[in-house]
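Q: After the C-alpha cells below, expect a handful of questions from me.
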C-alpha cells in the first residue's frame, strides 16, 4: 500500500461549505475511490491558514491517477471549484507532501 499526503487550500469564506459538501460525499464518488484502490482517505482543515491536508493509502499510483479520468471525479471537481483554488481543468491546486516520519 502506498501512502500519499498532499496539501490544498480552501477560500477563507468557504470552510463551512467545503465541510458540508464532504459530509457525506457523493456515494458514487466514494464508490469510484474504493474501486480504484483508495483506503483510509482523510482530509483535515487548518482554518487559520485555509489549508487542507489530505492523506490516502492507495493500492497503486496508476489506479489512483485513473480516478481523475472518471466522469464522477470531473463532476466533483466542477462542483468544488467555487470553494477552492482550481487548475484550468477544474482539478484542485494540490501539492504532494514528502514523507518524514512513519510509525507502524
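Just so it is clear, glycine is given a Cβ too, placed from its N, Cα and C backbone atoms.
Not my notes, these are from Swiss-Prot:
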ACT_SITE  22  active site, proton donor
BINDING   18, 41, 76, 77  substrate binding site
REGION    85-104  region 'Disordered'
Q: Identify all same-chain residues not among 18, 41, 76, 77 whose C-beta atom falls within 8 angstroms of the centroid of the substrate site's C-beta atoms; report them in sequence order.
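A: Surrounding the site, in chain order, are 21, 22, 25, 29, 79, 80, 92.
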Q: Take the region 'Disordered' (85-104) and find every residue of the same chain, 6 or more past its ends, with a Cβ under 8 Å from one of its Cβ atoms.
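A: Same-chain contacts beyond the ends: 3-9, 11, 53-54, 68, 74, 77-78.
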Q: My understanding is the cutoff is Cβ-Cβ under 8 Å with a sequence separation of 6 or more in the same chain; which residues meet that for residue 18 (substrate binding site)?
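A: The list for residue 18 (substrate binding site) reads 10, 45, 52, 80, 83, 84, given in order along the sequence.
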Q: Tell me the Cα distance separating residue 22 (active site, proton donor) from residue 76 (substrate binding site), rounded to the nearest angstrom.
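A: Residue 76 (substrate binding site) and residue 22 (active site, proton donor) have their Cα atoms 11 Å apart.
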Q: Count, for each of the binding-site residues 76, 77, the other C-beta atoms lying within 10 angstroms of its own C-beta, and report the residue with the smallest count.
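A: With the binding-site residues 76, 77, fewest surrounding Cβ atoms within 10 Å: 77.
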Q: About how far apart, in whole Å, are the alpha carbons (Cα) of residue 41 (substrate binding site) and the residue listed as 'active site, proton donor'?
A: 12
Q: So, in DSSP terms, is residue 41 (substrate binding site) helix, strand, or coil?
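A: SS state of residue 41 (substrate binding site) = strand.
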Q: Counting by DSSP secondary structure, give me helix, strand and coil numbers for the region 'Disordered' (85-104).
A: 0 helix, 4 strand, 16 coil
Q: Long-range neighbours only, meaning 6 or more apart in sequence with Cβ under 8 Å: which ones does residue 22 (active site, proton donor) have?
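A: Set apart from residue 22 (active site, proton donor) by at least 6 residues yet with Cβ under 8 Å, we have 43.
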